[in-house]
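These features come from Swiss-Prot:
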SIGNAL    1-21  signal peptide
DOMAIN    130-216  domain 'PA'
CARBOHYD  142  N-linked glycosylation site
CARBOHYD  235  N-linked glycosylation site
BINDING   259, 271, 332  Zn(2+) 1 binding site
BINDING   271, 304, 430  Zn(2+) 2 binding site
CARBOHYD  272  N-linked glycosylation site
ACT_SITE  303  active site, proton acceptor
CARBOHYD  352  N-linked glycosylation site
SITE      429  site 'Transition state stabilizer'
């Protein structure tokens, strides 16, 4: 008996020292995490308190947003860091980096009629370009798509197949004065050229309706366009927040992430406060348990400007360190008001774009979560248009959830998920209306429980999960022009 008490005393003394990278206080006495137990720790009131905090952070600043490098995002980063650090369960760090911020506005008129346009971020500025409009063929991704008389004219290009940046570059190579990209699905179009490039020309976005109307007008006669683009640029310091459980096998890391920044236009409570708070809620709930595999949470910066934070992080890891990450889970927009329960198509069965080995199994796990409760779900395009992109480019298995952005809900989807047909999943996407009032409480609660379900499964065991592919480079650029949603900003950021 004496020896048992001595052993216990030694164990408690060791735990109380709180050695960094070792198990936190009380670890041996915590129950092993299970899917049911972790899900039961998820409370809607905690989720809503989190999104309301992000709203208050945005409201505290005149810009009313949480765009990277701005005061709203700086406060977001500090709050997340302090909340997770205070648990004592994680080793937490802020990963500093500098990225180029851009803000752009555009006006476009055709034959004297004003159109509702948005400028692509990182677009070169333009002061009252007046030129004839011509149409590019085949989505404008190749030099042969541009008419011989493109020089000095503004070119109209349909979205799809290649990135906005590539379209702008091809237009520049054809010596166009500017480019207008119109959507290939209903709704307006906002995005980014992905960075500065001397090949780019001033570039704006239009809705599918306005773009098709212009194409029809050109077919029947001359269309003169006036285009203005105002662009601002600034190098900004910003941070990822990375938190890893002190306990668990650090050579078998389960990683999940969500971007913590918003667009300039608003507070970004669904995009992506919902994902940020979803994983934070799970991170806090996980502190009640011990686990076998370490879990690493990430809150990414600057997703809205081209997946910059997650790409910076992945590029900071050599192959040996990245190989410790056995899978990556991404959660971006999980509380859309007119939601659909969507799972990244890791096996490629719906969109013919497969992820690295293990991505299919992640998809099947989320399918099981919904199926076991009799809840409908559907695949969403696994195209690399969110923060998982940098991971799958290095051959890390990935998956995740998404409840929809600007794509319009169909009558068939209404039968599955309820809501309103003919209305976007999130009509306030990338707008000032993306506030707490924009959150569907049922969707965010359900999807946060799904996050908990997946974390508990993989933190407990990777038994049956495919052997981690060798870390390397992998092409994930899709070649689909009509592919519906695949995430938030990434759906319109690049393509």
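Every residue, even glycine, has its Cβ placed from backbone N, Cα and C.
Within 10 Å of the C-beta of residue 429 (site 'Transition state stabilizer') we count 30 further C-beta atoms, all protein chains included. Residue 430 (Zn(2+) 2 binding site) is surrounded by 24 other CB atoms, counting those within 10 A of its CB over all protein chains shown. The average pLDDT for the domain 'PA' (130-216) in the predicted structure is 95. Spatially, by CA atoms, the recorded positions 142, 272, 304, 352, 429 include one closest to residue 332 (Zn(2+) 1 binding site), and that is 272. Across the structure, residue 235 (N-linked glycosylation site) and residue 272 (N-linked glycosylation site) place their CA atoms 23 angstrom apart.
Here the recorded positions are 271, 303, 304, 332, and the one whose Cβ sees the fewest other Cβ atoms within 10 Å is 304. Neighbour counts of Cβ atoms within 10 Å were compared across the glycosylation sites 235, 352; the minimum falls on 235. For residue 430 (Zn(2+) 2 binding site), the nearest neighbour among the listed recorded positions (142, 259, 271, 352), judged by C-alpha distance, is 271.
Residues in the domain 'PA' (130-216) partition by DSSP class (helix H, G, I; strand E, B; coil) as 25 helix, 23 strand, 39 coil.
When the alpha carbons of residue 429 (site 'Transition state stabilizer') and residue 303 (active site, proton acceptor) are compared, the span between them is 15 angstrom.
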